[in-house]
Amino acid sequence: MLLHIIYLIAITAEAVTGSLSAGKQRMDLFGVTTIACVTALGGGTVRDVILGHYPLGWVKHPEYLYYTICAALVTTFIARWLHYLKTIFLILDSLGLVAFTLIGCTIAREINCPTIIVLVAGMLTGVSGGVLRDVLCNQVPLVFQKELYASVSLCTGIAYLALLHFQINDSTATLICLCSGFLLRLLAIKYSWQIPTFSYDDNAH
Amino acid sequence: MLLHIIYLIAITAEAVTGSLSAGKQRMDLFGVTTIACVTALGGGTVRDVILGHYPLGWVKHPEYLYYTICAALVTTFIARWLHYLKTIFLILDSLGLVAFTLIGCTIAREINCPTIIVLVAGMLTGVSGGVLRDVLCNQVPLVFQKELYASVSLCTGIAYLALLHFQINDSTATLICLCSGFLLRLLAIKYSWQIPTFSYDDNAH
Amino acid sequence: MLLHIIYLIAITAEAVTGSLSAGKQRMDLFGVTTIACVTALGGGTVRDVILGHYPLGWVKHPEYLYYTICAALVTTFIARWLHYLKTIFLILDSLGLVAFTLIGCTIAREINCPTIIVLVAGMLTGVSGGVLRDVLCNQVPLVFQKELYASVSLCTGIAYLALLHFQINDSTATLICLCSGFLLRLLAIKYSWQIPTFSYDDNAH
């Protein structure tokens, strides 16, 4: 239940980031809503297509589509004031990342995937919406270059599986991971934590 | 039957647009045929993968692949004369957009999708081939930036569902939507109709 | 068995190419391992999603994921010496292309696809990992522009099906195609064989 509410907040937050990205490319309203839907719902779609888990979430619950479309259209009106809300927005996005991850892990566990696939499913759900957004906006995906993001998703997934392994019940584990993953992400933003970068320049290659 | 013939014309027209895009990037013949196939058959593929509707159309009817490959190769020979045919070509592409949309809606209805998913399936079929073409040619998808295109697809889908709702029979509804969608697209091209663009430049974001 | 060993060598080689591409974009370690996995396992994933062949190879055998992740991380340490190994590396990549192709054809034959779909499945397995790598690194896919690569995959597939058609047993056919496809690719690299390029510059289009 809690996870579901946070999921709705999360897809809204992701829809906003998608709209703003589309706005930077001066897309029309169709482009804006499409990028918003891809950003908000793309992570779950990639996960479900890879796991063969049909019907997709938003096909079964089309109301998710309505939320994201509304969020996208509202964003185009309020964009000029959004930088005042930047902190709230980063907080929602961080909550979303963690919530998406936990939902992805839960679904992969339900269909009995091996442990590493559960972690991958969590990360796919958490980050691939943003990757698709950046590909469609013709940019190198941000998530591959900037501060701790996918790593937060991975840590959240590992913590969740560890807690379940030690017989903690599912709701408690979810709540603990939600809070600690969220905190980790906020700290990563505040202190600009990064994982090491690999730079390779051999032009001869 | 009519829809099937128009479908064949449509995939040929889309294959031609794909080849020309690939030619602008100086791709080799393999690249040209690949981009042509992705443009012509990618829309239906995306729709079927998202709906879990297997086997895919071109896997079941490989003759569609032959058509697009032939169209792609022929295009490389006749490209220098194609600008004389530009009007014919825009007409075929417009017919294709509307035909793809109606086929997408029909397939989604057959597997009992909710109304909004039927519309989304129509739009995915109509426009995502062109989106994939632009992503593979490393460009921001045209369909997100230029004149009325996806909106024509959406209007066609809505009109189709409305007519069916009022008990019009399927063939009549298809024919009416084909003609009116086609007309709408031609008018949009002629008068450069656009839907509003959203521009967002906050570099601080 | 032979094919399986070559498959493991191939995914390692592809993981290395993926890591180096990611390094050129100065990605972080998460980006590097993701691009490596997409390059190594993306071809099989695209094939299986298109054929509706679930569960995906690496979901069923997560050890493939471990190999590619290790290969990616090791690459970041030894990248500075890799240009000394360039020849070995090109050889492994060529072997991989041919092995991927034969595996793709075998899987499509097992689920009774039509002949042309078997060839397409082989090519998808052989080349689409590299295409995804280039799209995520924001480049026009190399395979669409440079020397004989996809064509080697196509020829290998055709030779394989021809041999099976003439009642050659499967292992013999695999071995012959592996060697001759590999040789063809090495010759193509050594003599810079290319298939014709299509260039189209009509700005009016």
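Here, residue 1 is simply the first one shown, and the rest follow in order.
The backbone N, Cα and C atoms fix where each Cβ goes, and this holds for glycine too.
The domain 'Glycine transporter' annotation in TrEMBL covers A:5-79, A:91-163. The transmembrane segment feature in TrEMBL is assigned to A:64-82, A:89-109, A:115-136, A:148-166, A:172-189.
Here the domain 'Glycine transporter' (A:91-163) has a mean pLDDT of 88 out of 100. For the domain 'Glycine transporter' (A:5-79), DSSP puts the residue distribution at 64 helix, 1 strand, 10 coil. Each residue of the domain 'Glycine transporter' (A:91-163) gets a DSSP state, and the totals for helix, strand and coil are 59 helix, 0 strand, 14 coil.
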